[in-house]
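Since the structure comes first, as structure tokens, the remarks are kept for the end.
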Amino acid sequence: MWGFNGTLFQPATFQLTGIPGMQTGQVWVALIFCILYLISIIGNLSILALVVQESALHQPMYYFLSMLSLNDLGVSLSTLPTVLATFCFNYCHVGFDSCLVQMFFIHTFSFMESGILLAMSFDRFVAICDPLHYATVLTNRRILAIGLGILVKSFITLFPFPFLVKRLPFCKGNVLHHSYCLHPDLMKVACGDIHVNNIYGLFVVIFTYGIDSTFILLSYALILRAVLAIASREQRLKALNTCMSHICAVLAFYVPIIAVSMIHRFWKSAPPVVHVMMSNVYLFVPPMLNPIIYSVKTKEIRRGILKVFQKSQN
């Protein structure tokens with residue numbers, strides 16, 4: 001669709017949407033989101049502060065955990081402005097370019113999380129399958145290179161998205177189905193030829209989630225084989241216990257993604273509230289759960305928290 005001046009029609013703003021059917025309970029929804037943001041931001045900042053302050057946590061596993069916490073902060077802060085504006089202040093509009101920027105950062109941090117979880121599975125693989133070379137394989141320099149590699153890969157892969165969206169006309173209205181901007185949501189209101197966007201989007205999903213999840217599964221297959229070769233039952237349980245936090249983090253990240261994909265593909269007639277709620281779970285639950293998982297399941301993190309708590313009381 002073309003504008004009166006011969007340029008592609010692009011709306012000045014997009015209208016964001018809260019949760020369908022919950023207009024009367026908007027205050028409670030806003031309160032829940034505020035609590036989720038507080039838990040996520042305070043929890044991840046606490047993990048980062050602990051790793052920086054406690055010399056006992058200056059190990060590869062906790063450096064990767066710091067990357068995960070930093071990335072989860074990025075996910076939360078990317079969605080926070082529009083979600084709070086929509087639910088707390090009833091301001092449901094976002095500028096076209098601002099929407100594209102938010103879309104870029106949400107998807108970039110999401111794909112980075114997948115890469116960090118893969119790096120953490122490699123850390124567990126080396127720690128269990130080749131413990132004697134753990135310190136020489138995962139040096140500080142290599143950990144930094146892995147982190148930068150994940151950042152650069154995600155940035156370059158997602159960089160074309162805003163430009164691919166910006167070239168499209170929007171003739172199906174300007175109302176989005178979430179309180180933040182996502183690429184699939186923008187495609188629903190775009191017109192013209194969106195095949196390039198869809199094909200590239202599928203390529204990015206396979207190139208990131210597909211490859212990362214495959215290598216995570218492969219890592220744990222090798223870890224399981226190494227653990228079963230250990231003679232002592234106590235040592236087997238101890239080795240598996242060091243992986244439990246990471247396994248929970250992987251499940252918290254991938255289960256909502258799989259659920260969203262399954263609902264979108266096989267239950268298209270589902271009420272809009274189902275699609276919206278599952279998308280919210282996909283973006284809000286992992287950043288909130290990860291600090292809790294590692295605080296509960298990791299002895300060194302618990303010890304660090306108790307140490308800080310005891311210092312504050314003295």
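Backbone N, Cα and C atoms are what each Cβ position is placed from, and that goes for glycine too.
According to TrEMBL, the transmembrane segment annotation covers 27-52 (among others).
Residues or ranges marked as domain 'G-protein coupled receptors family 1 profile' by TrEMBL: 43-294.
Within the chain carrying the transmembrane segment (73-96), a Cβ under 8 angstroms from the stretch's Cβ atoms is held by residues 10-18, 26, 29-30, 33-34, 37, 40-41, 44-45, 102, 105-106, 109-110, 112-113, 179-181, 283-284, 286-287, all 6 or more beyond its ends. Annotated transmembrane segment per TrEMBL: 73-96 (among others), in sequence order.
Annotation comment: TrEMBL describes 102-122 (among others) as transmembrane segment.
Positions annotated as transmembrane segment by TrEMBL: 143-165 (among others).
Under 8 Å from some Cβ of the transmembrane segment (199-223) lie the Cβ atoms of residues 111, 114-115, 117-118, 121-122, 124-125, 128-129, 154, 157-158, 160-161, 164, 183-184, 243, 247, 250, 254, 257, all in the same chain and six or more residues away from its ends. Residues or ranges marked as transmembrane segment in TrEMBL: 199-223 (among others).
Here TrEMBL flags 244-267 (among others) as transmembrane segment. Distant neighbours of the transmembrane segment (244-267): 68, 113-114, 117, 120-121, 124, 209, 213, 216, 220, 274-275, 278-279, 281-282, 285-286, 289-290, 293-294, 297-298; these residues of the same chain sit at least 6 beyond its ends, with a Cβ under 8 Å from one of its Cβ atoms.
Residues 17, 19-22, 33, 36, 39-40, 43-44, 46-47, 68-69, 72-73, 75-76, 79, 106, 110, 113, 177-178, 180, 182, 245, 248-249, 252-253, 256-257, 259-260, 263-264, 267 of the same chain lie 6 or more positions beyond the ends of the transmembrane segment (273-293) yet place their CB under 8 Å from a CB of it. Taken from TrEMBL, the feature transmembrane segment applies to 273-293 (among others).
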Contacting positions for the transmembrane segment (143-165) when only residues 6+ beyond its ends and CB under 8 Å are counted: 60, 63-64, 67, 100-101, 103-104, 107-109, 111-112, 115-116, 119, 183, 186, 190, 196-197, 200-201, 204, 207-208
